[in-house]
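Before any comments, here is the structure.
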Amino acid sequence: MTQLDLIRNFSIVAHIDHGKSTLADRLIQMTGTVADRDMKAQMLDSMDIERERGITIKANTVRIEYPAKDGKTYILNLIDTPGHVDFAYEVSRSMRAVEGSLLVVDASQGVEAQTLANVYQAIDAGHDIVPVLNKIDLPAAEPDRVKAQIEDVIGIDASDAIPISAKSGLGIADVLEAIVTRLPPPKGDRDAPLKAMLVDSWYDAYLGVVVMIRVMDGVIRKGDRVRMMQTNAVYGIDKLAVLKPQMVDIAELGPGEIGIFTASIKQVRDTRVGDTITHERKGCETALPGFKPAQPVVFCGLFPVDANDFEPLRDAIEKLALNDASFSYEMETSAALGFGFRCGFLGLLHLEVIRDRLEREYDLDLITTAPSVVFKLHMKDGEVRDLHNPADMPDLTYIDHIEEPRIKATIMVPDEYLGDILKLCQDRRGIQLDLSYAGSRAMVVYDLPLAEVVFDFYDRLKSVTKGYASFDYTISEYREDFLVKMSILVNEEPVDALSMMVHRDRAEARGRAMVEKLKELIPRHMFKIPIQAAIGARVIARETLSAMRKDVTAKCYGGDATRKKKLLEKQKAGKKRMRQFGKVEIPQEAFISALKMDS
Amino acid sequence: MEDWQAAGFGLYVHWPFCQSKCPYCDFNSHVAAQIDQRRWAEAYIAEIKRTAALVPGRTLRTIFFGGGTPSLMEPETVEAVIQAALSSWNAANDIEITLEANPGSVEAARFAGYRQAGVNRVSLGVQALNDTDLRRLGRMHSVTEARAALDIAQASFDRVSFDLIYARQDQTLAQWEAELTEALRLSSGHLSLYQLTIEDGTVFGERHARGLLRGLPTEDLGADFFDLTQDLCNAAGMPAYEVSNHAKPGQEARHNLIYWQAGDYAGIGPGAHGRLTRDSVRFPTAAERTPGLWLAAAESPLGVTDMEHALTPEEQAIEYLLMGLRLSSGISLARLSAMLTHPYPATAIDDLESLGLVHVQEDVLSVTAKGRPLLNAVLEKLVGAL
Ligand SMILES: Nc1nc2c(ncn2[C@@H]2O[C@H](COP(=O)(O)OP(=O)(O)OP(=O)(O)O)[C@@H](O)[C@H]2O)c(=O)[nH]1
Ligand SMILES: C[S@@+](CC[C@H](N)C(=O)[O-])C[C@H]1O[C@@H](n2cnc3c(N)ncnc32)[C@H](O)[C@@H]1O
Ligand code: SF4
Ligand SMILES: [Mg+2]
């Protein structure tokens with residue numbers, strides 16, 4: 001057990017790519033938590049997909065020991081958080097477990113949209129904040145200008161912001177010292193009944209359900225019987241450990257400490273992020289306030305390519321949801337696709353990440369239906385219905401009007417790209433709310449329909465500004481508009497999984513883009529295939545995929561029989577990623593790709 | 001009657017050496033500095049004898065020397081192998097003995113010797129009738145040499161075929177039309193016309209993967225090439241009896257028909273495959289591919305050929321579909337169902353028939369002229385329905 005004043009808990013927050021994970025690497029390395037030979041870049045980004053995409057998706061916690069200049073050794077619990085807007089829930093959740101934040105700002109880029117969003121969250125969580133100016137090794141770094149910007153735009157004191165290079169290690173000693181001297185120790189009462197916050201949980205193939213906690217009051221020990229206050233489930237602690245970052249067993253955790261336990265938890269549903277854990281007997285009276293649940297904004301159907309994989313899919317989704325409280329799911333059936341799940345996500349990247357993880361970590365092949373936001377249908381009889389799935393759209397004669405979610409988007413962009421940004425927002429039915437300047441960077445605020453932003457706005461934004469713009473948004477309200485359901489017909493048959501809600505004025509353009517894209521995504525068949533977009537019975541766009549003309553092996557003699565057989569098996573494996581609609585096979589990627597617009 | 005008897009029994013002999021390696025070729029062929037032909041002859045003979053012990057008493061309908069470049073074999077080597085085969089099995093009266101030859105002058109000089117050894121059919125790898133394309137295909141011979149070799153071959157053997165590769169880089173339909181017309185004029189009854197295939201593990205395959213192989217036809221142009229080829233050959237009275245093989249009626253390659261009709265064949269030599277039926281069970285055989293290792297194995301007491309894993313009924317049916325539907329004459333549904341031990345499902349056929357891609361007449365299932373260029377897709381459906 002560690003004395004409270006020798007503990008510091010903090011999160012590292014920043015805009016995407018400003019160097020949080022690299023800074024975490026240096027802190028881990030400088031304190032000798034991990035031997036040099038075992039270090040690798042962004043070592044906390046341990047998932048394959050984090051490493052491939054070079055971004056953090058899950059918040060990660062590490063306990064390090066730091067012998068400070070005052071001669072005492074401190075226990076530091078650091079939480080590295082993701083920067084991308086789709087994973088903002090990870091950040092807000094993490095902040096509840098700690099008392100301070102290191103605000104990292106890339107000194108060559110300056111304050112960006114998520115810098116703002118994250119720092120405001122930290123302030124809301126009551127954190128003390130230490131600003132850190134990273135990447136000062138870059139020739140383009142302008143630490144002084146960025147300091148001024150932090151003060152102007154964010155409004156916090158940046159006079160003792162610490163200049164560092166997380167890459168080279170410059171300034172890391174100052175960061176460690178500042179953590180100890182400028183961030184507060186946690187509070188808590190060792191003698192009070194146990195009160196611990198369930199910060200995170202995940203499924204481990206060997207250990208089963210692993211639960212991460214932050215102890216507020218009291219002490220938890222191996223062997224203790226504990227109760228989850230929301231679900232009332234009771235378990236005995238099998239293993240108690242801290243993450244360094246690998247698990248190291250520990251006898252007990254006291255106030256202010258962060259660690260993990262396992263308890264032979266069978267019911268994945270018993271562990272809810274934000275829940276309070278106490279002892280079965282002599283427990284605490286009141287639970288912690290819990291976390292505000294995340295509000296999924298993009299929905300899509302996930303179906304197994306092979307109908308027999310429904311149960312494995314259910315199992316996989318439950319286990320993954322354990323690790324990601326921001327994702328929601330419920331069972332769904334579709335005429336064409338059979339049994340699956342309607343899932344909610346915080347954005348399209350989040351959707352892609354979850355789908356990827358399900359496929360890789362649980363070895364499933366999935367069909368993703370066209371993503372959609374939630375529309376509100378105001379029926380003529382006064383009822384208001386949520387429409388999560390365009391396929392469920394009732395007959396128009398019963399509908400009075402339809403509302404869609406709108407967002408307030410904040411975009412920061414260098415002056416020279418402002419024109420492109422304004423055009424992009426205008427094209428997406430945006431209404432400009434504000435435009436201001438901080439130096440040569442413009443900050444524009446737009447009111448936009450969420451549906452126009454969710455799929456590819458972020459990608460477009462990055463490409464029209466060569467990556468120099470940043471973007472953040474919050475949902476503002478529901479508003480009526482002229483919205484219609486556009487269906488897609490492939491070979492004269494409607495494909496529900498591709499239908500979508502669109503603004504009437506944009507329907508032709510979207511329909512045209514969709515059918516053109518599908519024409520490229522669907523492979524040629526032995527017959528020609530009309531691909532149409534329609535509103536009701538009216539076709540608004542049409543393309544024809546011509547029939548396959550040649551697919552024949554030129555030479556096939558004695559030795560080739562075996563080879564040909566193998567080839568056929570390989571083709572069959574490729575076909576696994578296709579789904580049959582009537583006589584047509586549609587590749588699984590088509591459902592999302594078709595929605596990404598090129599203009 | 002055992003199933004293989006529908007097509008009969010043949011012997012394939014693989015000679016794995018060439019003078020140089022062509023950039024498109026993924027055959028088991030190697031360039032060797034020195035070849036001890038006596039040793040090779042002995043090894044082939046030993047293997048033939050061992051195989052004959054596994055399937056004794058057969059009537060041998062055909063022998064095929066393939067490669068590599070079998071026209072690098074000394075006529076004595078060829079003769080020794082033929083003699084071993086003829087003394088191991090009963091030769092059919094009209095036995096067909098084919099040798100693949102490259103159309104260089106050195107090879108042509110051996111033709112008389114081959115004829116003496118018993119070869120009665122030659123297949124020449126002409127590949128192109130213009131020198132620019134021959135060079136781009138990495139061939140060692142010129143058009144003049146090829147024509148001379150063809151003349152000598154036609155004078156020396158009853159039956160002569162030659163191969164052309166088309167849909168080459170930058171080739172136009174008009175150029176191919178002229179070239180094929182010329183080829184049809186030169187032909188004495190059999191032609192193999194292959195669309196250039198880019199194979200993995202070849203020089204072309206490598207270049208293609210790096211995006212450096214330009215001027216290859218698109219799918220649509222490839223289809224136009226194929227259609228043009230069918231039209232010209234049909235008009236010349238040499239329709240396709242197989243996807244890439246054209247013959248005047250009666251001039252078909254009988255050896256290759258054994259493969260396509262799912263007969264039995266012994267495969268002798270490095271990398272050679274065979275299909276052998278014993279006690280009504282069909283076994284695939286595949287020999288070691290590396291020439292040196294094969295030679296050592298053939299010289300060892302155990303030999304090369306092993307017959308461990310029989311083909312399952314389903315595998316046999318797949319092979320019959322894959323091979324048999326290449327033929328214009330198609331396959332027997334009764335034979336297919338017998339292999340499967342249950343009737344082949346009709347629904348798969350119905351769909352394809354309604355698209356005009358296959359045709360059923362009584363017991364015969366065949367791929368139509370419209371379906372032939374899409375054969376792989378058709379097969380995928382038919383095999384998928386198994
Ligand atoms: N030159 C330079 N590059 C740095 C420095 N710190 C980080 N980088 C680079 O910046 C990129 C992003 O670094 P990360 O540590 O992954 O950034 P992050 O903030 O964790 O990113 P997300 O987790 O995706 O939000 C990587 O290519 C790093 O190598 C630095 O001090 N100097
Ligand atoms: C066993 S090969 C070679 C016979 C002989 N060595 C020769 O090259 O003339 C038989 C035929 O297959 C054809 N062939 C080989 N590789 C090919 C490819 N990649 N694409 C198309 N045809 C090919 C050639 O026409 C060749 O003549
Ligand atoms: S094409 Fe013929 S000559 Fe060329 S390498 Fe292949 S087998 Fe040898
Ligand atoms: Mg990171």
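Placement of Cβ uses the backbone N, Cα and C atoms for every residue, glycine included.
According to TrEMBL, the protein carries these features:
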- A:Asp17, A:His18, A:Gly19, A:Lys20, A:Ser21, A:Thr22, A:Asn134, A:Lys135, A:Ile136, A:Asp137: GTP binding site (BINDING)
- A:5-187: domain 'Tr-type G' (DOMAIN)
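Annotated features, which come from TrEMBL, shown on the structure.
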residue	record	Cβ within 10 Å
A:Asp17	GTP binding site	19
A:Gly19	GTP binding site	25
A:Ser21	GTP binding site	26
A:Asn134	GTP binding site	31
A:Ile136	GTP binding site	21
Quiz item: For the GTP binding residues given in the record (A:Asp17, A:His18, A:Gly19, A:Lys20, A:Ser21, A:Thr22, A:Asn134, A:Lys135, A:Ile136, A:Asp137), what is the largest pairwise C-alpha separation in angstrom?
Solution: 17
Self-check item: DSSP three-state assignment (helix, strand or coil) for A:Asp17 (GTP binding site)
Solution: coil
Quiz item: Going through the binding-site residues A:Asp17, A:Gly19, A:Ser21, A:Asn134, A:Ile136 in sequence order, which have a CB under 6 Å from an atom of ligand 4?
Solution: A:Ser21
